[in-house]
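Quick look at what Swiss-Prot annotates:
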ACT_SITE  40  active site, charge relay system
ACT_SITE  43  active site, charge relay system
BINDING   38, 63, 64  Zn(2+) 1 binding site
BINDING   93, 96, 99, 107  Zn(2+) 2 binding site
BINDING   175, 195, 200, 262, 263, 264, 286, 287  NAD(+) binding site
């Protein structure tokens, strides 16, 4: 089968002929229709420090996808051949304390599809049936292929009550932009998103952000005055991993504010903890998606009218994968989709 593999311990990714994956008794075999390129895939493509420590070579990568079930393990119940599915990319152990308590997204033994095991940049993928999610008929393949990052946005955004609240999002990558759309859809008052990338900020405006702020040109505090905000933001969603962005968030949070952190700093990050203490801030770390409550919420949000389609800006056939990675690497894109049909 065709697959995109990290063949060498250097920058790049290669289109190869790989063996079809072998299915177990509790697995599904999925014929891939569309995949999306994630920021994690770009780290692997660029072979950065994290990738060098994490990714075995060779490895078929990718974890954002939609496909069709073409074979079912003999112990699997609840799925049929022909079902359209996406899937949770975190394969959990099922026996640690968190898994047994139903908190599977906090499994300490998580294995990542396309990171620790063969991924979805291929004509076929095998995953445990437990990890598969049936896609409702009224949700398109394009949207289903980005459910993984959309889930990051939904998990982060819905960590705290948003109705009538003022929300600051630092980092206008695709996940931050989708989070802005979620916040507006569920009833936040002002949703302000910050970045220095004008292309991404314009996408955020299209997706419903009240104000998309280029912090290299505008002061966040001036924007707050413009919006009539006198006390600070009630909810912060940190999506960038950039220390200066998080510091700006701490400066502008209201007393009693709540912060959800998805962005991963490049290293240790010093902060002024006195601001956290004296403001009585709550900080929550976010990893992945809640299984499977986040997935049901994703589908319900789209079915209730949330439109995240503007975040998809580029489509390529799999043979043109290099153009897709170039588009993602340019910073002048939203989500990039590769078609395997």
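Using N, Cα and C of the backbone, Cβ positions are placed for all residues, glycine too.
Known features from Swiss-Prot, placed on the structure.
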residue	record	contacts (Cβ under 8 Å, 6+ apart)
43	active site, charge relay system	50, 51
63	Zn(2+) 1 binding site	38, 40, 41, 89, 112, 113, 114, 115, 119, 120, 148
64	Zn(2+) 1 binding site	35, 36, 37, 38, 89, 120, 145, 146, 147, 148, 149
93	Zn(2+) 2 binding site	99, 107, 108, 109, 110
96	Zn(2+) 2 binding site	107, 108, 109
200	NAD(+) binding site	172, 173, 177, 331, 334
262	NAD(+) binding site	152, 155, 156, 175, 237, 238, 239, 286
263	NAD(+) binding site	170, 171, 238, 239, 240, 241, 242, 245, 246
264	NAD(+) binding site	241
287	NAD(+) binding site	105, 106
Local backbone state of residue 175 (NAD(+) binding site), from DSSP in three classes:
helix
What is the number of other Cβ atoms found within 10 Å of the Cβ of residue 286 (NAD(+) binding site)?
20
I need the neighbours of the Zn(2+) 1 site defined by 38, 63, 64. Which other residues of that chain put their C-beta within 8 angstroms of the C-beta centroid, in sequence order?
35, 36, 37, 40, 41, 62, 65, 89, 114, 119, 120, 148, 149
107, 175 as binding-site residues, winner by CB count within 10 A:
175
Say we define neighbours as other CB atoms within 10 Å of the CB. Which of the binding-site residues 38, 99 has the fewest?
99
For residue 287 (NAD(+) binding site), the three-state class that DSSP assigns:
coil
Taking the centroid of the Cβ atoms of 93, 96, 99, 107 (Zn(2+) 2 site), which other same-chain residues have Cβ within 8 Å of it?
92, 94, 95, 97, 98, 100, 104, 108, 109, 110
In sequence order, which same-chain residues at least six apart have a C-beta under 8 angstroms from residue 195 (NAD(+) binding site)?
170, 171, 172, 173, 176, 201, 204, 212, 213, 214, 215, 240
